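Feature list (source: Swiss-Prot):
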- 1-77: transit peptide (TRANSIT)
- 82-158: domain 'Lipoyl-binding 1' (DOMAIN)
- SER91: phosphoserine (MOD_RES)
- LYS123: N6-lipoyllysine (MOD_RES)
- 208-284: domain 'Lipoyl-binding 2' (DOMAIN)
- LYS249: N6-lipoyllysine (MOD_RES)
- 342-379: domain 'Peripheral subunit-binding (PSBD)' (DOMAIN)
- ARG446, SER460, SER551, ASN552, GLY576: CoA binding site (BINDING)
- LYS451: N6-acetyllysine (MOD_RES)
- LYS458: N6-succinyllysine (MOD_RES)
- LYS532: N6-succinyllysine (MOD_RES)
- HIS605: active site (ACT_SITE)
- ASP609: active site (ACT_SITE)
Amino acid sequence: MWRVCARRVQSAVPRAGFRARWATLKGPRTGPAAVRCGSGIPSYGVRSLCGWSYGSATVPRNRILQQLLGSPSRRSYSLPPHQKVPLPSLSPTMQAGTIARWEKKEGEKISEGDLIAEVETDKATVGFESLEECYMAKILVPEGTRDVPVGSIICITVEKPQDIEAFKNYTLDSATAATQAAPAPAAAPAAAPAAPSASAPGSSYPVHMQIVLPALSPTMTMGTVQRWEKKVGEKLSEGDLLAEIETDKATIGFEVQEEGYLAKILVPEGTRDVPLGTPLCIIVEKQEDIAAFADYRPTEVTSLKPQAPPPVPPPVAAVPPIPQPLAPTPSAAPAGPKGRVFVSPLAKKLAAEKGIDLTQVKGTGPEGRIIKKDIDSFVPTKAAPAAAAAAPPGPRVAPTPAGVFIDIPISNIRRVIAQRLMQSKQTIPHYYLSVDVNMGEVLLVRKELNKMLEGKGKISVNDFIIKASALACLKVPEANSSWMDTVIRQNHVVDVSVAVSTPAGLITPIVFNAHIKGLETIASDVVSLASKAREGKLQPHEFQGGTFTISNLGMFGIKNFSAIINPPQACILAIGASEDKLIPADNEKGFDVASVMSVTLSCDHRVVDGAVGAQWLAEFKKYLEKPVTMLL
């Protein structure tokens, strides 16, 4: 009776009387304005903010429909025939879901193909459609209910309209009682479900779209609303940037796909650690509907407020260079407010620079928050005059400088980097192999190629390294593998991750199919990816994945170093600087001066044995010392 509509699903074998239709996003369905993630993000069948969660290519299998349809209709003999619709497991990892929206109301007829409801899972928002005609008798789980366990009954449908009235006061408790025993006078009526609060989304509000925080990467569990690009009341045109969200991987901008108006911002700018599925804002189609949402406050975000940065310890005041009395009398200082200090990031920075104790500043911002104006107008209270009692001169105390350190909040990206690096060092048995490579031939070939490409771009030494690494991975595929706990996955294509340092932290954009690309194409890809990485404009598909990683610190003069493996990859190549060295030669002098580069290969010993790692380095060295062999 039900079917699931989602996208990015390759196959599903329908059961008798049921089939699955997977909707596409190319033609947005009618209704409130849809919002999509940055235009560069591949759709993957996911609507980012308007209920569709990005970040998983996991494909639901036939068991989705089996779980959805596997429970036969449970009928209570004291009630007309009806169908109990349970919440199925719509992804391999789903344990609970959120009723994003009911498309049908109680009493309405449901025709074949009608959309009944949208359920937000841990992977995407999945819509249910009817394959048969029926009537919505009772909605048991209100719209907006979060963390509904899999298997919970969410609604009741009946075949005949005259049966709807029998379920007017239907609850799951009353149904259980009816099936367990014969009819008997109830001791007390069951408590009715709590009515939705006046501030909760409901039918009293105009037609609107509640925008929720989706999963923008496979490992994302929360995000930070870095900046709102639109204000309440502003018109949203197609292509406008709505907001920027900092995930555990990068900062991603959301663009508006259809016209509308921003009616309400539910999560203030700068709010950190916002859980997935939290409503972010409200969008309406008509400008006159904006005023209706002035006091709109869904229950999911009533307690969500911007988190204050870690409190700055009060700076130690400089001790005046006067003799210290034997029994000093503490000067009376005004007691600051107890508890948490709410302060904007800019005000906190200014206070640290000026050495101002935030507990003594009275905030004039929303809910008493300290803002820049409060710091600028703050006048510190004068300390009580020192006692005039004479005291024997004592040793002078060296003044302690104010603001000797600053606490830098940890971004989501930095936190994830720390977690993954710790995981790598604790779970992967690293070992390291080093070799010197004569770069003389590469430098000559590079010089000739750049003359040919003059005005079109330049090929760097790093581009030769990427190409040689990719070809070596084809020759020694064990190094182009991944540890998957139960199997070792050997990849047939080489996607080279290139470590790039950005203000937000280290990120590894990917040169896909590096083994079949020419040097000019690799150079163009690297320049584009590095620029986007430093500007924070990388899309998730551009840095998630990869089969082999290169980290180059040679441009900083580092001779050699050992890099940490990027799981689940098995190897990472650390590139050091080139330096001139004397090498034996068959000439009159008996030696030549060569530009020699030191490289170190970090290997996962579970996947790559020492001999295999040495074999890979030999192939890599051969390609660089005779770059013409890259053409074979």
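Each Cβ is built from the backbone N, Cα and C atoms, and glycine gets one as well.
Put simply, SER460 (CoA binding site) is 18 Å from LYS532 (N6-succinyllysine) when counted between their Cα atoms. Ranked by Cβ neighbours within 10 A across all protein chains shown, the recorded positions LYS451, LYS458, LYS532, HIS605 are led by LYS532. In the three-state DSSP scheme, ARG446 (CoA binding site) is classed as helix. By the criterion of other Cβ atoms within 10 Å of the residue's own Cβ, the least surrounded of the binding-site residues SER460, SER551, ASN552 is SER460. Taking the C-alpha atom of LYS249 (N6-lipoyllysine) as reference, the shortest distance to any of the recorded positions LYS451, LYS458, ASN552, GLY576, ASP609 belongs to ASN552. According to DSSP, the secondary structure content of the domain 'Peripheral subunit-binding (PSBD)' (342-379) in residues is 21 helix, 2 strand, 15 coil. Secondary structure of the domain 'Lipoyl-binding 2' (208-284) per DSSP, as helix, strand and coil residue counts: 0 helix, 40 strand, 37 coil. Cα of GLY576 (CoA binding site) to Cα of LYS458 (N6-succinyllysine): a distance of 21 Å.
If you take the CA of ARG446 (CoA binding site) and look 10 A around it, the recorded positions you hit from LYS458, HIS605, ASP609 are LYS458. Counting Cβ atoms from all protein chains shown, LYS249 (N6-lipoyllysine) has 23 others lying within 10 Å of its own Cβ. DSSP assigns LYS458 (N6-succinyllysine) to coil in the three-state reduction, outside any helix or strand.
Between SER460 (CoA binding site) and HIS605 (active site), the C-alpha separation comes to 32 Å. Cα spacing between LYS458 (N6-succinyllysine) and ASP609 (active site): 37 Å, rounded to the nearest whole number.
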